[in-house]
Amino acid sequence: MGKRSRQRQKNQNASRDDRDNAGWGAGYADIIKENKLFEDYYKEQGLIPEGEFDQFMEAMREPLPATIRITGYKSHAKEILHCLKEKYFKDIQELEIDSQKIEAPQPLSWYPDEQAWHTNMSRKLIRKSPLLEKFHQFLVSETESGNISRQEAVSMIPPLLLKIESHHKILDMCAAPGSKTAQLIEMLHSDMDVPFPEGFVIANDVDNKRCYLLVHQAKRLNSPCIMVVNHDASCIPMLQIDSDGGKDILFYDRVLCDVPCSGDGTMRKNIDVWKKWTTSNSLHLHGLQLRIAVRGVEQLAVGGRMVYSTCSLNPIEDEAVIAALLEKSEGALELADASADLPGLKWMPGVTSWKLMTKEGQWFSDWSEVPSSRHTQIRPTMFPPKDPEKLAGLHLERCMRILPHHQNTGGFFVAVLVKKAPMPWNKRHPKLRKSAPTQTGGSLAADVPRLLPEGSAEETEDGGPGGRGDGETENAGTPLAQEAAGKQDAVCGPPPSKKQKLFGYKEDPFVFLTEDDPVFTSIQSFYDLSPDFPKLNVLTRTHEGKKRHLYMVSKELRNVLLNNSERMKVINTGVKVWSRNSDGEEFGCAFRLAQEGIYTLQPYIRSRIIRVSVEDIKVLLTQENPFLSKLEDDAHAQAKQMGMGSIVLKYIPNPNNPSEPQCPIQLCGWRGKTSIRAFVPRNERFHYLRLLGVEVFRDKQGLGQKSRDGAKEEAAAATKAEQEGELENGDENGSLEPKIEGGNKESSIS
């Protein structure tokens, strides 16, 4: 390592230590929240209502409130909300710290069903009160187990405006870090009784490393309907699927186009933006944003909705992109009026006039004013349309701009587009290649058109969005081929002639099992799978050797995977449903159930199920290997009749006893010789115990010594599982035993 690199690392470590040892935001103490260019620019643009500019700037300098969202698709979302209100918010309302009354968290007025809340409590304040520390522990633990998401308020808006239904095929073009993707998945699973919704989410990001952050977010939701891919959104490949016996192009019902932006709406949390902001940021990004948006509407089905959003207030990144997109579409797209979709949300209508400013402070109102020396930096699409009639027809006032001082949020821009017809360049410039004559059932199929390979040079013609007919230099993305002919005779194009170079880690393959795969023989008989169990949806990640884990995806995602393995780079998909446990072979099955996939798999399992009560669950989650006799009579009798091996522990709510949780609970377990064990990750244990009214705490060193009661069989199975990494989130000594309030001293989580 060179001298300069060592010095840089030393400086980075020093600054990190300074932040760690100081209060919230102390690492930014040297950043002054002033930027004259920013103020001059937004004053001149006139985006802020008259007389409100000082309030706007004041709000931009204030820290952003923390916001949380309760995961909506899980049936126990109501139980979590009840727990929050009754156990935490009530007590916080009466709390005083340093003679100052604490403001309790408030629901976001525009988010449905009180599923999103915001609070002004800082980390410094949380450390001063044991009650707030308990609340903080609750939030951290529930976030890790996927039941709560910490997400900026304005970031929650785009998925709501998409109006997701369970059958929708959804593309999230720039998905990392994944909070909006999580919302989309939740909406697909609004009905928990349907293990495999017909719809799915394909979440894409150009950054390979950020894709793994996306995987982490998505995995918390345990959905078989999510696939994470790694592509440049501006040229994300068209996919093909099997349809009615032939091949068809995959068009999405919904597209989320949350593009990279200058981020000046995030100044309240990203304080670096204050010193880095300049008008050239938006000028550099406009072309990319337009290319991504064009690629999005190309892949959108006719009748579908696309939401375009940025966390920037700048019209060059907002209305200018929308106006250019609408002009290119020649009536195929229209801006939807979303004013009534989120009652309670305050927003400003989109603007119809704006100007450009260079970083030197020079203003331009029209393309004709721009000197030729700046034509590579400033493009015609950055200006509003000249024709007043055409401008009025675009209805740019239907765009929505959220200003920070109106509801104490970040700044944001969102527009909802509806596709009325195929894009004009798809209709006007068909470039079809005739396939070689083939004999099919006695007839000659000589004139069947073939779609060009993705990225073919022949695709782009002058006048289309990728050509130069309109004076643009940036390539705005090109279609795979024209949409109208895309479905003709159900014929799909050949794979690219040259294999795309993919960067990042080489992923393990996705290998689907056949219906007669030998692994199903023991699984079928041991768990008595129902005849409608979709064996073809089961996959593994290895071609050779023993199958270690089995995953499941929905039928629709299987279709996408099988038809596009050469066309796209898949980072992750599927939810784990079984894991190999060699000790299980002597009991009849080498695969034990995985907690991640239990809600997906359980509807198909007809044996190995033990009905348990609230008290049974408390015993199972607080003791490592309780003897069978510790269970209540009903569960004890069921367990005694069952052989050793993997089991489902199922709690069904009693509507006549409202004091107990009113949501079903399903846990994976292991029936040993004389004892029983729950195979549940630590954070999920905490979650379920809280639902049952048990307060739990974690200490930083671990959660106590491992329990030694129980027979050797399940202890060995547990050890084996831990070695395979199956009991995720366990502490260092392998114990998953939580501390129960009353018996143990409280301690905080790091």
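A Cβ is built for glycine as well, from the same backbone N, Cα and C atoms used for every other residue.
Nobody curates TrEMBL annotations by hand; they come from automatic prediction.
What TrEMBL says about this protein:
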- 56-420: domain 'SAM-dependent MTase RsmB/NOP-type' (DOMAIN)
- Cys174, Ala175, Ala176, Pro177, Gly178, Ser179, Lys180, Asp205, Asp232, Asp258: S-adenosyl-L-methionine binding site (BINDING)
- Cys311: active site, nucleophile (ACT_SITE)
- 703-715: compositional bias 'Basic and acidic residues' (COMPBIAS)
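Within its own chain, Gly178 (S-adenosyl-L-methionine binding site) has Ala203, Leu213, Leu214, His216, Gln217, Ala218 as residues 6 or more apart in sequence whose C-beta sits under 8 angstroms from its own.
For the binding site of S-adenosyl-L-methionine, formed by Cys174, Ala175, Ala176, Pro177, Gly178, Ser179, Lys180, Asp205, Asp232, Asp258 according to the record, the largest Cα to Cα distance is 20 Å, rounded to a whole number. Distance noted between the C-alpha atoms of Lys180 (S-adenosyl-L-methionine binding site) and Cys311 (active site, nucleophile) is 13 Å. Around Ala176 (S-adenosyl-L-methionine binding site), the C-beta neighbours below 8 angstroms that are at least 6 residues distant in the chain are Asp205, Asp207, Arg210, Cys211, Leu213, Leu214. Neighbours of Cys174 (S-adenosyl-L-methionine binding site), defined as other CB atoms within 10 A of its CB across all chains, total 24.
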